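Here is the structure we will look at.
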Amino acid sequence: MKTALKRDATSEEDSGVRAGARSAVKSARASRTNSAVRGPGGLSVRLDVRALTVVVLLLLAALAASVVLIGTGDFPIPAGDVLKTLLGDGNAGQEFIVNELRLPRVLVGLLVGASLGLGGALFQALSRNPLGSPDILGLGQGATAGALVMIVLFSGDAGQVTVGALVGGLATGLAIYLLAWNRGVHGYRLVLVGIGMSAIMTAVNGYLLTKADLVDAARSVVWMTGSLSGRDWAQVWPLLALCAVLVPLVLANGRGLRMMEMGDDVSYALGVRVERVRLLLMLSAVLLTAAATAAAGPVSFVALTAPQLARRLTRSPGPNLLPSLCMGAALLVTADWISQRVFGADQLPVGVVTGVLGGVYLLWLLVTERKAGRI
Amino acid sequence: MLVDSPTEQRAESPSAPPTRRTIRAVGLLVSVLILVVVALASIAIGAKQLSLGEVWHGLFESSGTYGDVVVDDRISRTVLGLLAGAALGLAGAVLQALTRNPLADPGLLGINAGASAAVVTAITFFGVTSLSGYVWFAFLGAATVGAMVWFLGGSRGATPVRLALAGTAISAALYGYLQAVMIMDDAALNKMRFWTVGSLTSATDSTIRQVLPFLVVGMVLALALARPLNAMEMGDDTAKALGANLNRTRVLSMLAATVLCGAATAACGPIVFVGLMVPHVVRSFTGPDLRWILPYAAVLSPVLLLGADVLGRIVARPSELQVGIVTAILGGPVFIFLVRRRRTAQL
């Protein structure tokens, strides 16, 4: 009830209905968290103070966790020295460790987390389901199939595995979209087609694993869990370039996505070209997820949990794209730090930590959502 | 037993036109014949091809020739396929009726993942290597996850999406655990990578003897539930008005499905989609009456499972493709087809 009212109020603001047209109750409710910055000539920008605060705090948390993570390892470096080295003021040994070994790994972690968080938020908004994340839709399994083909059949090196995963993820995403298409793509069909796809891909992966020798199988399982170890600058640049293109594109279409949450007919009447926006956003989400998976493996649950956590922090019903992105980055880097602290340097990959944390979170989510009658 | 059941039921439903009942009974007989043919094929086809004469010799006049040894080896595999297939089909039909959900399947509902997680725990942490140990762990895992999915997804009016998502989510979490264990323990990885795909190769006489009591109890229970489940399908209020005991039926159905899936999974590893596809296909020609769906599912599911097993031996000769892989690759597209055919509003 409360969220419905709030959604109503924000959407009216979105569609440009001016203050005079709003009822007093709604404007009072809206002004608690939202305020508008009004410029000359009747231009105004809505400012969600709470969401902005959350984004800033999450960014700070992600950066702080990154600094701590750079200082963690067999050769610990205090946080102050890490900052000094990053600013180009450290000694030669620290500079090598920070700039060549640990910084690229942390950057890959940040970018992968951000991509997964944003991709997850997009998928959840498009499928209108809090559980409609790329893990469950089979994108992770598709990328895994691509990577396993490279590892098992061609004994490929890291670069070839990355390409294989990218191709596998994109092909699976495309197949899910086409199979779910029937005069438009609807949330439930998308989820169920994804579940079927995921089962097929799991079988393919199982087959490839039985065909591998034990060394390749062990390597495959590590890749399938998702790991950041040994990532270098070669992985950073493509991911950064992709994010630089896709993140602004997605954020620019966030308004249409928010209106689409009210249903296709309403948003069409409000001037959103529904199928076009949906195709564009879904393509972006598939690209982001596939690229992140190619770089780090199918790190589980980040895409599922980041948007949900972000939504609970901002208390905003919209798709929460930017907060989810920051939350994903903070989550992944923190999980990598936990895996290094708890299990020792590079004993267990980061995917194990996100899997355990995510599993616990998921059960809690299922219970609360069921109590609230939302799923 | 399965062949006899339609004759008793004929007396119980006098309203149905007799021709339709005859057709259904004849259809069931034909299905049994098909099952016999597939079972014979499963004994004859493989790395060493046997003629029908050799199969006959091995089955009834066994004298220890090379062919007889091969037949002996393949008999236990075929029997396990028969039992496990019937178990999965019945479990799927019961779950679909119980949840009023045409997409319910032991695999989708996470019961298989629960059994897998329990078995990997047994291998790694308790050092269990024998099947008699696996069975109990697989049961425990299947029962726990079955109860969890039921509680989280469906206890207040199960919708397909709610149950499928609860099952898939719990499966995802359990597979995370499975991977962590396999990373830490190479020996477990080496066992589990063959176990998790689902195969009939592990079948021996002792395997069958261990799971047989559970399977028989589960099958009898499932077949006995046909009438109360029929009442349940009309909605809770109508079922209550007709005198069905809702809670007892629900608990017994979950119990039957869990026992059947747990035992089948313990013996063969997780096999998906058999329980989903067969009851669906069956319903399309028997109609919604479970007194027909259940016997048909029990006969036709082993046809699918053994057929997939034979297919796996043919396509990858002289090696073989595990039956779980074949059923998933055949079943996935069928699942997607079913999802596409139904209108979104109904889901």
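Backbone N, Cα and C atoms are what each Cβ position is placed from, and that goes for glycine too.
TrEMBL labels come from automatic prediction, so no person has curated them.
Annotated in TrEMBL:
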type     : residues  : note
TRANSMEM : B:25-47   : transmembrane segment
TRANSMEM : B:75-95   : transmembrane segment
TRANSMEM : B:107-128 : transmembrane segment
TRANSMEM : B:134-152 : transmembrane segment
TRANSMEM : B:164-184 : transmembrane segment
TRANSMEM : B:211-230 : transmembrane segment
TRANSMEM : B:251-273 : transmembrane segment
TRANSMEM : B:293-311 : transmembrane segment
TRANSMEM : B:323-340 : transmembrane segment
Cβ pairs under 8 Å between the transmembrane segment (B:25-47) and the transmembrane segment (B:164-184), at least three: no
Same-chain residue ranges lying at least 6 outside the transmembrane segment (B:164-184) that approach it to Cβ under 8 Å: 103-104, 108-114, 116-117, 120-121, 124, 145, 148-149, 152-154, 192-193, 196
Selected stretch (most C-beta pairs under 8 A with the transmembrane segment (B:293-311)) from B:107-128, B:251-273, B:323-340: B:323-340
Recorded stretches the transmembrane segment (B:75-95) and the transmembrane segment (B:134-152) touching, at least 3 CB pairs under 8 Å: no
Of B:107-128, B:251-273, B:323-340, whichever stretch has the most CB pairs under 8 A to the transmembrane segment (B:134-152): B:107-128
Surrounding residues of the transmembrane segment (B:323-340) on its own chain - C-beta under 8 Å, 6+ positions past either end: 81, 102-103, 197-200, 268-274, 276-277, 280, 304-305, 308-309, 311-312, 347
